[in-house]
Amino acid sequence: MSFSLFRKAPKFWERRGPTSLLLWPLSWLYGLILRARKLIHDLGIVRTKPTPVPIIIVGNIRVGGTGKTPIVIALAKRLSQLGWKPGIISRGYGSSSQTAPLLVRSDSSPSLVGDEPVLIAKRTDNQFPIWVYPKRQQSIQALLKHSPEVDVIISDDGLQHRGLTRWPAREGGRDIEFVVRDSRGEGNRFLLPAGPLREPATRDRDATLFTGNPSFNEKKTGILDEYFLGRRAFSLGTYLGRPYQLIDHANTQSLEQIAEQFLPKSMTAIAGLGNPQRFFDDLAKQGVTCKQIPLPDHAQYTPEFFAKVKAQCLLITEKDAVKCAEISDERIWVVPMSLHLPENFVEWLQSILQRPDPHRYTL
């Protein structure tokens, strides 16, 4: 369950103030609904069928993007190197209405299946089966029927999807729930709509995955250390790759070359992400300073939009690039982002996935 009251994250989500306190009664009601849904699930009132293979859920408790998709890509590639046969499911955010699960390929339409699934297919060269549908359990059924060799499923988001049956590792199972957390943290720690949280910050998880540095507030107050004391957490290093031209992927330049070639005032960075500032900050760390145009997540692009941007060089994300296949503008350069999984994380992940199926030993 989520709210779409705000096109982009309001500032009062970051710190408690008059507006967030005024909206707090609605957040309390939202929390009550969450607890009721959890109770129904825990009591087994709604029957769900266990999945025959382990499930890795890469989700977040804060609305908006926190960097889940690069993690899904990195997980699939690393697990494949280790001998696993991953499959991927996604809701397909930003997609048009669907009546049945759909198989995603690198040439699928983002408007039909969503931005992230197409990006995953492109970055993995269609190596893994990817299925999208809001009802994730049906996606799993379609995936396993189409690709019975799959022995582990990665879900891009889905923490709040109660219909996605799981037996988490922390309870002795072999399914894994990851909460991805970026530099914004939990903001004012209120639930929607007074704050940015889909679920309480204290939500159980098997591990927290950090994709950014702690916010200034957390460094100053020490809340971060107190909250994560005794919890399993991993810091995942992210880095920007070598940009390539949108109309000619073989034409590449380093960010340093681009920064030397164009003056800052003649360059513009554009990002339609849940947290576009992260892209801009990553560029700045590489010495690229330019004008910034932040857009809402899943923003749509047209030739007319880019024509209005007066710049000699336009830098966009790979997620945005999948929606620009029909655009021919030599000024546009795509900046890929990759992610490194530390070995201690991979070893822990392996130890969980290799557990025996707990469903076989229950009466």
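Yeah, the Cβs are placed from backbone N, Cα and C, and that goes for glycine too.
In Swiss-Prot this protein carries:
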| type | residues | note |
| --- | --- | --- |
| BINDING | R62, V63, G64, G65, T66, G67, K68, T69 | ATP binding site |
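Within 10 Å of the C-beta of R62 (ATP binding site) we count 25 further C-beta atoms, all protein chains included. The local packing around G64 (ATP binding site), expressed as other Cβ atoms within 10 Å of its Cβ over all shown chains, amounts to 18. Sequence-ordered, the extra residues of this chain that approach the ATP site, with Cβ no more than 8 Å from the Cβ center of R62, V63, G64, G65, T66, G67, K68, T69, are N60, V180, D182, G274, N275. Taken residue by residue with DSSP, K68 (ATP binding site) is part of a helix. The Cβ of T66 (ATP binding site) lies under 8 Å from the Cβ of N60, V180, R181, D182, R184, T211, G274, N275, each on the same chain and at least six residues away in sequence.
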